[in-house]
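Features reported for this protein in Swiss-Prot:
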DOMAIN    43-272  domain 'Radical SAM core'
BINDING   Cys61, Cys65, Cys68  [4Fe-4S] cluster binding site
BINDING   Ser105, Cys137, Cys197, Arg267  [2Fe-2S] cluster binding site
Amino acid sequence: MIQTIENRLINGGEPTFEEALLLASSADKEALYETAHRITRHFMGDKFDTCSIINAKSGNCPEDCKWCAQSRHYATSIEKYGLLSATVCAEQAAYNRRQGIGRFSLVASGRTASMNEIRQMAESFRTIKQRTDIKCCASLGLLSEEKLQILFDNGVTTYHCNMETAPSFFPSLCSTHTQEEKLATIRAARRVGMRVCSGGIIGMGETMEQRIEFAFFLHSINVYSIPINILQPIPGTPLEKTPPLSEEEYLTTVALFRLINPRAFLRFSGGRAQLSPAVQRKAIYIGINAAITGDLLTTTGSKAAEDMQLARECGFQVTNDTDWEVSYDH
């Protein structure tokens, strides 16, 4: 069956949900990994995309996402502060560009950003573009088309809005907003001309079937940059005692995400420090071809130089010429 699916993918077809379930439950794992590797190289070549983020506003979020240290609903040790200045953001962006990183995102806690905050962010992005040629991304919650247009007009080319998990599982993790609201933001971002980056977190108690559901969901909304975070349970949050994924579960998930999303950048993200170096290498071999590098929000990330060296050792070229979404549905 694996060979049949590989041939179908190469000829423009797709796996079915039922086939993905069978691969997860009964396929020889090494054969699955090898197939995902070949599909990665066939559709994506040897380019490896890098980006970095800065937590431009931290804590006091009114939303109740059960995994998140930023929520005011939970007693965590997260540092709380308002928006960083344009100067600080630009200095961080320039530093990351000097490390060879191609993209830089301002990430802010909260359900949304006020118009005043959007104007402050616009100033930050203008300052960044004056200082460096790094590509600008933003992750500021649920935004209207008007606010997204302001960001786009000030240099933001990519908007990040994680769908987080499978539609069947999301309501059990968050009650203060819906995935449909996230989809509305993604559609608005595309209407103003932005690319979209959207992924989520695995290991929050979802089943493998729900991970497959999630991968197909992202495919259905034409996402071509998919951060795959691994839950790092944070004391004080409802998920603090969630048991970790096994290494095999993680690698199988990466392989299935690759077969379901053959043309996407699958991106190392938060929580990956839990993985051994050998598993990180294996994940890159199987299908990871991008990374959020540096320190990631409230969990431990990975230093840029180390990530780039790892990608090169795994046969990739670290490049800034990795645009996605040549065309997409509005």
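Using the three backbone atoms N, Cα and C, a Cβ is placed for every residue, glycine included.
Fewest other C-beta atoms within 10 angstroms, among the binding-site residues Cys61, Cys197, are seen around Cys61.
The shortest Cα-Cα distance between Cys61 ([4Fe-4S] cluster binding site) and any of the binding-site residues Ser105, Cys197, Arg267 is the one to Ser105. A simple way to gauge crowding: the CB of Arg267 ([2Fe-2S] cluster binding site) has 21 other CB atoms within 10 angstroms, across all the protein chains here.
In the three-state DSSP scheme, Cys65 ([4Fe-4S] cluster binding site) is classed as coil. Sequence-ordered, the extra residues of this chain that approach the [4Fe-4S] cluster site, with Cβ no more than 8 Å from the Cβ center of Cys61, Cys65, Cys68, are Glu63, Asp64, Trp67, Ala69, Gln70, Ser71, His73, Ser109, Cys174.
Separating the Cα atoms of Cys65 ([4Fe-4S] cluster binding site) and Arg267 ([2Fe-2S] cluster binding site) is a whole-number distance of 22 Å. Calculated from their C-alpha atoms, the gap between Cys197 ([2Fe-2S] cluster binding site) and Cys68 ([4Fe-4S] cluster binding site) amounts to 19 Å.
Within the same chain, the residues at least 6 positions away from Ser105 ([2Fe-2S] cluster binding site) whose Cβ sits under 8 Å from its Cβ are Cys51, Ser52, Ile53, Ile54, Cys136, Cys137, Ala138, Ser139, Thr158, His160, listed in sequence order. Each residue in the domain 'Radical SAM core' (43-272) has a pLDDT score, and their mean in this model is 96.
Counting every protein chain shown, the number of other Cβ atoms lying within 10 Å of the Cβ of Cys68 ([4Fe-4S] cluster binding site) is 24. Neighbours of Cys137 ([2Fe-2S] cluster binding site), defined as other CB atoms within 10 A of its CB across all chains, total 24. Take the mean position of the Cβ atoms of Ser105, Cys137, Cys197, Arg267, the recorded [2Fe-2S] cluster site; other residues of that chain with a Cβ within 8 Å of it are Cys51, Ile53, Arg103, Ser139, Thr158, His160, Ser225, Pro227, Ile292.
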